[in-house]
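*Asks:* Quick one: this structure, given as structure tokens, is what I'll be asking you about.
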């Protein structure tokens, strides 16, 4: 297969500490943004009124949104029923007022409809959904660590990958806090999807590193890591670019419903590609070069040597006590 990107020989590890610093600065800024601005929680988490409306004529979701857009609603369609659920944030005391406002707006837009039901989703339900979302994210990270550790026979690979995933997830959440985009269950789904994309990128590079270690056991681990990153760079960039093109198209032409989903996916793919090259793999190198267990697993010359030096230092310390 022809590489669209010429063969490269970048020294990724030489500049890794600069990118550690860049990530640290961005993450601190993101934390400050989350603490000061907070997340713009959607009705799924904050609570609000849900008005189910059935129209007598065929109507698109954009027409419904246009009629009630001043209330900043979330709108869900029911396939084949010409029925829509209009969700608007607010307290329980405002349920009747919200229903009346929706009816007035739809009537003003000259739409023929019937209000089927009106319900209120309280903050307790929103809290429960939030806890479930956190559990989903936490469990996905745990299983990813276990899977990578099992596949590569060492916990270092899995832990490095998950550190990068936490980095990516935090960056995406911080970006939404900064932009004050609505954070709901759709965004949680997009978050998990982006995390899955990122770990796949990491596994591709980790697998190449493992193969290069087996084929060249006497080669410096430093060189193996750099070579593996360069050998997979074309695949990483082309795959990321292809996904980005699709997401940009969805963002601009997919309608209002998919706008926030595609936006957080865009952020996730960009940050995920960055963390794969400059965070996850360098962490494996920095951690592995001082690990006895890793040296036994991969049998690489300079990793094993680092482990022997580390053991010798421990022995000398005990001897001089």
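Think of each number as a place in line: the chain as shown, counted from 1.
Cβ coordinates are placed from backbone N, Cα and C, and glycine is handled just like the others.
Just lifted these from Swiss-Prot, have a look:
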type	residues	note
TRANSMEM	19-39	transmembrane segment
TRANSMEM	133-153	transmembrane segment
TRANSMEM	159-179	transmembrane segment
TRANSMEM	186-206	transmembrane segment
TRANSMEM	237-257	transmembrane segment
TRANSMEM	264-284	transmembrane segment
*Asks:* Count the CB pairs under 8 A between the transmembrane segment (19-39) and each of 133-153, 159-179, 264-284, then give me the winner.
*Replies:* 159-179
*Asks:* Of the listed stretches 159-179, 186-206, 237-257, 264-284, which one has the most C-beta pairs under 8 A with the transmembrane segment (133-153)?
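*Replies:* By Cβ pairs under 8 Å, 186-206 leads among 159-179, 186-206, 237-257, 264-284.
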